[in-house]
Amino acid sequence: MAGPGTTMETTTFLAAALLALATQGDALVQIPSLPTVGTDFTISRLATTESSTGLADLQVTNNTVELKRAQASSLSNTYIQAMRKQAMEQAGRAVDATNGSVNLVSGDYGQVFIAPVTVGGQSFDMVVDTGSSDPWLITPSFQCISLDDGSEIAESDCAFGSDLYDSSDSSTYQALADQNFNMSYADGEALEGTLGFETFVMGGITVTSQEFGLVDRAAWSGDDTSSGLVGFAYSTLTSAYSGTNPSADVAGETLIYNTLFTNMWRDGGVPPVFSLAITRTNGTDEVQPGGVMALGGLPDVPHAPYFASTPIIPYGINITDGTKVYEFYSIAIDGYAISAQQDTQFDVYNTSNPNKVPLVGPTEGIIDSGTTLFYADDDVAQAIAEAFTPAGAYDDDEGVWTVPCNSTPPLWGVSIDHKVFYVNAADMVLQYTETQCVSGVQRNYGGLTILGDVWMKNVISVFDIGASAMRFAAREFYDLESYDGE
């Protein structure tokens, strides 16, 4: 199978098996159906592919969708953990030679965010993915293909939701002749099918003729809830090819079409921005409330009036033939604010003010809601863990910074555009056994910095596609009483 993209100057990351084991209590428990990265792949910094406009005028919109959060191996987290594994190997840390795995605590299983979408009058739960472009749905009687050996297996093994798209039940479906849908990922997951046009409704916005993939053959590791995916990356990653034979598709020779969100803002008068406000989990259910996504503006969520703005720095994931299959949104980080004293003032403009504490560790970081933890440079993760009261300690066996479950987290934030976005103490201590907790900030072993869910829950994240910029506003420290350090 092949996917779209172009070859660029790259840094190679070794193929990596993902997480296979999770620690629960004193026992190791096998997690089923985790995809693995089976071939070498590369990551490269990309040029922005869309023309830039001025920053959008941000307004609260009614075009919102309530998200659900499911614990599953998200596409973004698959690549992030493969990159972490390579960085660990380069740093000399041993990885299980039998199954090529790292422990879940240091590996971070990941999560997907699911939104309700109506397609052709039929209702579906679809994964929202900012790293891919295509909208696609599973069709009845599809073939489920093994990620291990390519053989046909039971449909239930692909773990899709129960609602499948049937074009015969729609009065608005139009088939697209002489084209095929063919998408593959570096982790071995792949989709094949046909293409068509259909009416999509998401967040109260209707697109009457949206091109999408109808999948009839899938190698997939699902979440048992979603029946498809809506991509919010640039249109350069769409997966349409000429002809009806996927095996004849040539890498890079894709037929680019408008994504769902592109059609929303180009034809529907919606401003070219979407935003996320992620909530905390509130229990152990497999599917939980995930927050809200706003299309064309902001959700009606309390936040600070000031928005920091910084250019989007896109990074691409390429498979061995140079084909780009995934894209991350990355930004510049001024540095980190770290102090055990809660009233510390930080020197965000680097003025050498003796009355303020300087920031540390300027870098670039990937914005990814599909990753639970925050992965920072090793010295930053250490400084944060040791600033807990009592201080954290490094568990070399697990490769993770542990902290006492009753410890008080430090004052910690991320500075973007000279504005520090602080993280609530409630998000800094994560419990992974009955008696053990870990810091929400862990080592990246010299790899890329990842601004995951630990940080994103404390901001409204705005993807200003028209301006090729990310924008952030601080959210109030909601439910602070739920964490009292005891």
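Yeah, the Cβs are placed from backbone N, Cα and C, and that goes for glycine too.
Unlike curated entries, TrEMBL annotations are predicted automatically.
Features of the protein shown, as given by TrEMBL:
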- Asp129: active site (ACT_SITE)
- Asp368: active site (ACT_SITE)
- 113-473: domain 'Peptidase A1' (DOMAIN)
- 1-27: signal peptide (SIGNAL)
Sequence gap of 6 or more, Cβ distance under 8 Å: name the residues on the same chain that satisfy this around Asp129 (active site), in order along the sequence.
Ser74, Leu75, Ser76, Val112, Leu229, Val230, Gly231, Phe232, Ala233, Gly370
For the domain 'Peptidase A1' (113-473), provide the mean pLDDT of the predicted model.
91
In terms of DSSP three-state secondary structure, what is the assignment for Asp368 (active site)?
coil
